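Chemist: One structure is given below, represented as structure tokens, and several questions about it will come after.
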Amino acid sequence: MKRAALGALLSHWWRHRLQLITLLTGLALATGLWSAVQAINGEAKASYDLATSKMGARQNETLVPKAGFIPLSRYVELRRSGWRLSPVLEGHWPQNTGSLRLIGVDLLSHPTFSNIAKNSTSGSSYSLDALNSQGQLFLNPKTLKQLTVQVDLPPIVQSDQIPIDVVLGDISLVERLLQRPGQITRLIILPEQPLGLHPLEDLAPELQLQSYDAGQISRLTDSFHLNLTAFGLLSFAVGLFIVHGSVGLGIEQRRGLFRTLRAMGVPLHLLTVLLLSELLLIAIVAGSAGLVLGYLIAAALLPDVSATLSGLYGATVEGSLNLRPGWLISGIAMAVVGTLIASTQAITNIYKMPLLAAPGLQARAQAASNQQYGIAVLGLGLIASGTASMLVFDGLIAGFALLAGVMLGTALMLPLLLSWVLTLGLRNARSALGEWIWADMRAQLPGISLALMALLLALATNIGVGTMVSSFRLTFLGWMDQRLSAELYVTAKDEEQAQKFVLWLVGRDVTVLPIRWSEVPFHETKLRIYGVLDDPTYREKWPMLQAQDGAWDRVSNGTAVIINEQLARRRNLWPGDDLNLTSSWKMTVVGVYSDYGNPHEQAIVTLPVLLLHADNVPNLRFGLRLPPSSVQNLIKEVQQEADFEGITLVDQNDLKARSLAVFDRTFVVTGALNLLTLGVAGFAILTSLLTLWNMRLPQLAPIWALGITRRQLAWLELWRSLALAALTAILALPLGLLLAWVLLSIINVEAFGWKLPMYLFPLDWLRLLLLALVAAAIAAAIPARKLALIKPSDLLKVFAHER
Amino acid sequence: MVDWEMTDNTLLQIRNVSKCYAGLGESRAVLRDVSLDLQAGESIALTGESGSGKSTLLHLVGALDYYDSGEIEIDGTSLTNLNDSARSELRRNTVSLVFQQFNLVPSLNVAQNISLHARLANRVDLTWITSLTSRLGLTELGDRYPEQLSGGQQQRVAIGRALAVRPKLLLADEPTGNLDEIASSAVMDLMLKLVRESGAALFLVTHSVQVANQLDRRVHLSAGKIA
Amino acid sequence: MNAKFFLTALFLCLPVTASTQGFAGLGTNAKGFAIPQRGAVLSFPEDHGSHPNFRIEWWYLTANLKGDDGLDYGVQWTLFRSALRPGSEDGWSSPQLWMGHAGLTTPTHQFFAERLARGGIGQAGVTAEPFMAWIDNWEMTGVRPALQHLDLKASGADFAYDLDMSTQGQQLVLHGDNGYSVKSAGGQASYYYSQPHYQITGTLILPNGPVAVTGQGWLDREWSSQPLAEDQSGWDWFSLSFDSGDKLMGFVLRGASADFTSGSWISADGTITALQPGDFQALALKHSDVSRRSIPTEWKITLPTQELSVVIQAVNEQSWMGTSFPYWEGPVTISGSHTGRGYLEMTGYE
Ligand SMILES: Nc1ncnc2c1ncn2[C@@H]1O[C@H](COP(=O)(O)OP(=O)(O)O)[C@@H](O)[C@H]1O
Ligand SMILES: [Mg+2]
């Protein structure tokens, strides 16, 4: 019985293969996008974990100085008092392009160094060679090419246990390379401690405890991943609309079959079980396809994601994708759960379906209209609770809750809104045909409204995210012009070379702007303080968001500081407030400048003040102001000097182009997901129209009989679909702008620490509207073509089979 | 229940069955105190005006609906207090139905439709099905789908499907109601002949006096009562 | 000769192929390092301090204690020095590495801890005058005159001790030829002297609370650059204090072809007799399962020249030091021709 019944059930899909394919594709697309995002997030998280565990600081707490560095003598004192600690000296090691993290550890006490060494390329011959007078440097093979500084390097040992961009060595070697003898950045507190210790607060009040693991990387990147996840969920939701539509239709179309089977003695519970198995099968097939798709998408996007993460947050994600069992399971589970959610309504209907008495068509229309109101009320509720969440929560969560509530709520209200518009059209229709068109569109609405909701969501997301990215880009471009005002940026190999270079420039009509900074511990993170020399360049061009009168005068006389927006927002410091740069260094904030693309907090003081308060302020980098026409000449001259070998020169345009490339890459992922979501929505429309096709013939046949040609009918069909898509797109515009506003003013501030002005891009909207119309047209074209070519006899059948 | 009414051959017993549909406000009696017997292999025609309750009675016998009082017994099994799976089993194995609206499965072809009930009941008799198909003139149409058939052909498929399982009782509710006159009498003749051959009892709802006369007995329903 | 393993730290680095190079790399050659010379005269207090031109060195204290609870206890405190290169240097670049081991044996439990430190920064070291040996907060502090009176401290995650140790002015015991102690038939040797006459009072901190103890202690000092021959894989070392007042230090270096034995007899009146190779005999009587190894925990010791024939039994058969280079070290009781207490160390049991 089971086989025969299942065969009868499945025969429907065999007869409606296209419908099955759309169902499978929709579900696969939804699962694909979701699992792509999951794969990317999973990979990134795994990378962070690995990086953390590689550094051996996973569980260990560390001691960091409240200011400056920890002197070696303090370390020895703490050891002598019994505390088991391991010292770490960490610094930026300038290379020709960028810098590497150079980390020095005490090989004897570091909790995991021996693991690193064990897995190195030199195999078992790792040894205390690293403690020889010459020493050894350990790094990941992928970091090797970035090691460009031409100093006498000790032997290199490669180990993939070491995070990318990190160079590890014994502290004796590293303090030499960083020229920071006797300094320690932090002390790892080893897991096992002896009895009878005195509290660290008493022994070393100038140090503070820090849990390294909960460090900034994860906090910063969390917001990025939350963004991605939200995107993934959105595309999944869009996908579920498709599934809901196709499954619902598949069940609706088979009501008669279910009755017949029941009349032939198939018990209700068996029928339900069979239907569920059918759905499960579909979910698993589509889910598996979705996983493959997701893997491919993730693999394609991962390089950009890692670029984003390292560009924005300095977090390193290795570029290769691994298959994780958890990911496979969650992908399939998502498909199954999504299918079940999307089909609960249909299944319960079947379960409650009376064996006899099909309810009249009229009643069903009535029910649909009631449902429309119910759904709209639900939507209104969602919007309200989303808005309310702004009052209850704050920050990122509130932003996302608002977004979710408003977007889903509006989508749910769409059918009612559209039906109002159509009713309005109906009232104003002049001709009989016009009347029929409006009425027919309204009748068609329940069948296609899910697809339109999906389209609304996709369009709004596109408008919102597009507006955000474009606004950001515009702001960023302007900001770069201000910020990168020097014509040429120079990095010297070492301080000696730097000095020679500055001397060499004397008399060449070049203004030298030193770029010097120091990092000081600051609220469990680091604050980079730049020291600048007073120059019109800064006064005229620096991208200030807020500044008091005479801000630069006060900075240059050493009494005030200007800070970046990230610092201002995170610590709520604005012009007029006092800022404690270190425990013994307090200054008044006189200005806030924008600093996009940088996750960290930053401050600017005048150079002499910086040198007074901080040591280790390398003097290697400069901005040069000179007439743009002489830039190329100067570069040539420098390259010819033997003394200046190893010096790096980057001209402003280059730097801008590079920065912009990084920026654009950052949003490749967003853009790609955006486009894919729109694709899914377009697909949803296609699905709905195709499946509606068969049900629509009985409605079209009488009109045909009244003397409208098939061609005309086909065109009408196309226009109708276009009109619905256009209406939806128009409704999507305000929703998208709201989304953009939330992204720019709430999400961005939380995730990146900066607020952006919102610009409007009507041309983009037009493009999007066209895209939506094209999608709708393509979707409607297939059924319309079918209609144009249908045999009259098929239309006649409608009359022959009066039911 | 009275003993003498029971005979060895009684297939269907309807005793004092009443049925109301809950209307708006008051409830309306559709069947009132209906009693009827049917012997194995016997055929009964049920006539009556539209709305007199014929279909309702047929649905009760087919265990598709529930009566309010009285009792129906099929093949020794009382339908009172029978749960869904027992009712399903009864429909699968003992009773077949032919409806006015054919109710074929649109996604199965003619051959598959004919054998569907037999396969559900796990009682496929290929020789019987083949001969049935050929007697119904459907041999050539086996690959076609219902939408490609005329009404008469579709109803022949429905009849084949109902008889293929060799039911003890065939319930037919105006099976030719949707067909024109010529097709109607041809299909009816064929059905009666095949029912007789298969040895099934027949409970047929019909408007046609002519058809009713061909059956063993005739019962008239009027406003929910047997006249 | 608690010459152990030294340097775990060293070994961190050396390819550990113990079969050919001896326990913990002690058999590797001594290129660039100073070599012990027969006839050299030890000079105190300078030689109580460290000798950075020699590759390895240790300050090794073992003590047999009795608690006010009536139980036998053993305490070990060791500071090893190992040099990557000869010489000393200030700061992280110092080639000197230090390793501390602390052990506390009860009849039922063995506690131990290990500390590693870099030389040159003050985290560990030894000064001769005033005498002080330390690593982290473990300390062996002398009160003038050097080594006459010592204060000893160590603590681990689950134990600690603080002992007060003093002699009645007894002389140091120079082993071998005035402190030149031969370690193999091939001539490998070390400088080796002891102070075996400490009387101790102090406190042990155990999980169940503090225990007051009294007893006697034995300090060994040894330095060299290549104490083992290449085929020697480990040793069994005994320091025994008899109730008669006599003391015996004897060891067996287990070689691939032949064992090498040596030692010193310290009679109650202070006379020291260096034992000739072969005089000292040790025979394992019983093995115990310790840390998945079979280790002899009962020995028969004979020294015919002193008409000595005794059985040595571990106070706790599980006196296992599960440190970077693991070994067995714990208190023993003596019965037979002589009675008393002592310490046993066994290394190189794989
Ligand atoms: N599901 C139902 N709910 C309410 N009334 C019904 C239902 N089915 C049938 N009826 C009513 O019961 C009466 C008998 O119907 P039916 O048995 O179909 O008559 P017949 O088949 O003789 O034409 C009619 O008045 C009909 O309106
Ligand atoms: Mg009827």
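Heads up, the Cβ atoms here are built off N, Cα and C, so glycines get one too.
Because TrEMBL annotations are produced automatically, they should be read as predictions rather than curated entries.
Under the heading domain 'ABC3 transporter permease C-terminal', TrEMBL lists A:230-354, A:674-788. The transmembrane segment annotation in TrEMBL covers A:228-251, A:263-286, A:292-315, A:327-351, A:371-393, A:400-423, A:443-465, A:666-693, A:722-744, A:765-784.
Show me how these features fit into the shown structure, please.
Modeler: Looking only at the domain 'ABC3 transporter permease C-terminal' (A:230-354), the predicted model's pLDDT averages out at 80.
Tertiary proximity for the transmembrane segment (A:263-286) is limited to same-chain residues at least six positions away from its ends with a CB under 8 Å from its CB atoms, namely 1-2, 5-6, 9-10, 20, 23-28, 31, 247, 251, 332, 335-336, 338-340, 343, 347, 350-351, 355.
Counting only same-chain residues 6+ beyond the ends of the transmembrane segment (A:327-351), those with a CB under 8 A from a CB of the stretch are 27, 30-31, 34-35, 38-39, 42, 236, 239-240, 243-244, 247-248, 251-252, 255, 258, 268, 271-272, 275-276, 279-280, 282-284, 286-288, 290-291, 294.
Remote same-chain partners of the transmembrane segment (A:765-784), defined as residues 6 or more beyond its termini with a Cβ less than 8 Å from a stretch Cβ, comprise 455, 459, 462-463, 466, 678, 681-682, 685-686, 688-690, 692-693, 696, 714-715, 717-718, 720-722, 724-726, 728-730, 733, 736.
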Chemist: At a threshold of under 8 Å on Cβ distances, which of A:371-393, A:400-423, A:722-744 pairs most often with the transmembrane segment (A:443-465)?
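Modeler: Checked against A:371-393, A:400-423, A:722-744; highest Cβ contact count belongs to A:722-744.
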Chemist: For a three-state summary based on DSSP, what are the helix, strand and coil counts in the domain 'ABC3 transporter permease C-terminal' (A:230-354)?
Modeler: 106 helix, 0 strand, 19 coil
Chemist: Please work out the helix, strand and coil residue numbers for the domain 'ABC3 transporter permease C-terminal' (A:674-788) from the DSSP assignment.
Modeler: 101 helix, 0 strand, 14 coil
